[in-house]
Amino acid sequence: MIPRVAKFNFRLLSLALLGIQVARSAITYQNPTDLPGDVDYDFIVAGGGTAGLVVASRLSENPEWNVLVIEAGPSNKDVFETRVPGLSSELRPRFDWNYTTIPQDALGGRSLNYSRAKLLGGCSSHNGMVYTRCSRDDWDNYAEITGNQAFSWDSILPVMKRAEKFSKDSSHKPVKGHIDPSVHGGDGKLSVVASYTNASFNDLLLETAKELSGEFPFKLDMNDGRPLGLTWTQYTIDQRGERSSSATAYLEGTGNNVHVLVNTLVTRIVSAENGTDFRSVEFATDADSPKIQLRAKKEVIVSGGVINSPQILMNSGIGGREVLGANGIDTLVDNPSVGKNLSDQAATIIMLDTTLPITDYDVDAALIEWKKSHTGPLAQGGRLNHLTWVRLPDDKLDGLDPSSGENSPHIEFQFGQISHQLPPSGLTRFSFYRHCSPIPPLINLYTVSRGSISLSNNDPFSHPLIDLNMFGEEIDPAILREGIRSARRMLSSQAFKGFVGETVFPPSDATSDEDLDTFLKTSTFSYVHGVGTLSMSPQSASWGVVNPDFRVKGTSGLRVVDASVIPFAPAGHTQEPVYAFAEHASVLIAKSYS
C-alpha cells in the first residue's frame with residue numbers, strides 16, 4: 001500500500017497586491033444534495049475525464065456561463081498516487097471500472113481485462129502518460145472520414161501546439177537531441193517533457209538505430225507527424241516531476257463558475273416530453289439511491305469515454321431499435337451505429353534472456369526522494385526511454401495496408417524495465433534464465449477488426465457487454481507476427497551481442513506462422529486505446545453517431561466529446577488525439593453561443 005500524505009493545494013495564489021483579481025478555482029461537491037439550489041447551469045458535462053475537463057475549462061473562460069461536471073469517480077486531489085508519475089500502476093484496480101470483455105473466440109475463448117479510469121481526469125489521471133500526436137496521415141484521414149478539414153494535420157497541429165507546454169523535466173537536463181523544438185508549444189496548459197532516464201539499454205538501442213537504420217532509423221521527434229523509427233519518449237509530466245492531466249492542467253485553473261460533482265454516475269440523458277431535445281441529465285450515487293434530474297440552459301455534453309458514453313446514450317433511448325427493445329428501453333432516436341465500430345489496438349509481449357543489469361529500484365527509497373525533491377525514478381514516466389515505430393514493407397502485407405499512409409507505422413515497440421520475471425503460465429523453462437527484459441508491449445497500431453459495446457440490461461450501474469472481436473480479421477495476427485520477427489531482428493543486432501540471448505517468450509523455436517499464431521492466441525491482449533463507438537461522420541451520412549460539430553445526429557441540445565467520437569485508433573497512443581478533439585469541440589460549442 002502506498003502511504004498517504006497531506007494533500008497539496010495547487011490553487012492560484014492571490015494577486016491582490018498587484019491589483020489583479022483572480023477567480024477562485026472550481027468548486028467540488030461530494031454529494032448531489034450539496035449542490036447549490038440557486039445556480040442554473042448553462043452546460044452540464046457528463047463525465048470528468050480527459051475530454052470533459054478540457055471542455056468544462058474552456059467554456060468556463062466565459063464568466064457569464066456556469067458549468068457543472070458530473071464524475072462517477074472521486075476527485076484526483078483525494079488520490080496521492082495520481083501526482084507521482086512512477087506510481088501509475090498503483091491506481092489500478094482501486095480507481096478503475098475494471099471491465100472485462102466477453103470471451104474472444106479467436107483467442108481460445110479468453111476474456112480480457114479492459115482498464116478504464118474511474119476518477120477525476122479520467123485516463124489522463126491514470127494512464128502511462130505517453131504523449132504522441134500520431135501521424136499526419138491519421139489526421140488527414142480523420143478530415144476525410146468526417147468531412148471536416150479542421151481535423152487535417154495542417155489545421156490541427158496549431159491547436160495541439162497552443163495547448164502544449166513543453167519544458168525540461170525535473171532533472172533540468174537540456175532537451176537537445178531529444179526533441180525538435182520547432183514542433184512544440186511552450187505556453188499551453190498541458191505539460192510535456194522528454195524522457196532522460198539513464199540506463200544501459202539506451203546506448204544499445206541508439207547503436208542499433210545506426211546499424212539497422214533501414215528498419216529502425218533514429219527519429220529525433222516522434223511528434224512531427226512522421227513517427228517512423230527509434231525515438232525518445234515524451235510524457236505528460238510537468239517540470240516539477242508531477243503528472244500533468246486534464247484535472248491538473250485544465251480544471252485547477254478554472255474559476256468558481258465550474259462546479260464538479262464527484263462519486264456520482266450519470267445514468268441517462270432525459271429528453272423533453274420523450275422527444276429529441278435532450279438537455280436534462282439524470283444521475284445517482286449508486287443503484288439504491290434516488291435519481292436526480294437537472295436541466296442545462298444550453299447543452300449537455302456527454303464525455304463518459306469509449307465505454308460509458310454509448311451506454312449512457314442507449315439508456316437514454318438513443319441507439320439501435322432492436323438492441324434497445326431487447327433491454328426494455330423505448331427508442332427515441334433509432335441509430336444502429338451507437339456502440340458499433342469499436343476500434344482498438346491488439347498487443348503482445350516479448351521477453352528475452354539478457355545479462356544487462358536490472359533496472360528495478362527500491363520503491364520506498366524512490367518515494368522518499370520524490371517527496372523531498374520531486375526527482376528520481378518516480379518522477380519519470382517509464383524506466384526506459386525509447387519507443388520504436390516500425391513500418392512493414394509492402395511484401396509483408398499481402399496487398400492490404402491498414403495504415404493511414406506512408407508516414408504511418410504499423411507496429412510500436414515500447415521498451416520496459418529489465419528485471420527478474422515470474423514465468424508465464426506453462427513456460428517452466430523460463431526459470432533457467434538470468435535477467436529478463438520485456439518489450440511491454442508490441443502493438444499492432446492499425447488493428448482492423450471492429451468490436452462493439454452493447455447493453456447487458458437496462459441498469460446503468462451494470463457493466464455493458466464489451467466485444468473487441470479480437471482477430472476478427474486475418475491481417476491483425478499477421479501484422480503482430482511480423483512485429484515479433486522485426487523485434488527479433490532488432491535484438492539480434494551487433495550492438496546487443498553479448499548482452500542479449502534468445503527470446504524466451506515466445507520461445508526461440510517459435511518461428512513459423514503456425515507457431516506464432518499459437519503464441520498469439522494465448523498472449524494477445526488489448527492495449528486499451530479504444531475509440532470509435534460513437535463515431536463522427538459527415539452531416540449527411542447515414543452512418544455514424546455525431547456530426548462534425550459533435551452534435552448527436554437526430555437530437556438537439558446534446559453533444560458527445562471524448563474518445564468515442566474518434567473514427568479509428570491512430571498510429572500511437574490516444575491521449576493527445578482526445579485532447580485535440582476536445583480543444584476543437586470547445587471552440588465550436590463556444591462559437592455557437594457567441
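Cβ coordinates come from backbone N, Cα and C, glycine included.
What Swiss-Prot says about this one:
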type: ACT_SITE; residues: HIS529; note: active site, proton acceptor
type: ACT_SITE; residues: HIS573; note: active site
type: CARBOHYD; residues: ASN98; note: N-linked glycosylation site
type: CARBOHYD; residues: ASN113; note: N-linked glycosylation site
type: CARBOHYD; residues: ASN198; note: N-linked glycosylation site
type: CARBOHYD; residues: ASN274; note: N-linked glycosylation site
type: CARBOHYD; residues: ASN341; note: N-linked glycosylation site
type: MOD_RES; residues: HIS126; note: tele-8alpha-FAD histidine
type: SIGNAL; residues: 1-25; note: signal peptide
Rounded to the nearest Å - Cα separation of HIS529 (active site, proton acceptor) and the residue listed as 'tele-8alpha-FAD histidine': 13
For ASN274 (N-linked glycosylation site), the one of ASN98, ASN113, HIS126, ASN341, HIS573 that lies nearest, given that the recorded positions are compared by Cα: ASN341
In the chain carrying HIS126 (tele-8alpha-FAD histidine), residues 6 or more apart in sequence that have Cβ under 8 angstroms from it: THR82, SER88, LEU91, ARG92, PHE95, ASP96, SER115, ALA117, LEU119
Chain-internal residues near HIS573 (active site), provided their CB is under 8 angstroms and they sit 6+ positions away: ASN127, GLY128, VAL130, TYR131, THR132, HIS529
Per-residue Cβ crowding (10 Å cut-off), top of glycosylation sites ASN98, ASN274, ASN341: ASN341
Lowest local Cβ density (other Cβ within 10 Å) among recorded positions: ASN113, HIS529: ASN113
For ASN98 (N-linked glycosylation site), the three-state class that DSSP assigns: coil
Between ASN113 (N-linked glycosylation site) and ASN341 (N-linked glycosylation site), the C-alpha gap once rounded to whole angstrom: 19
DSSP three-state assignment for HIS529 (active site, proton acceptor): coil
Distance [Cα-Cα, Å, rounded] between ASN98 (N-linked glycosylation site) and ASN341 (N-linked glycosylation site): 21
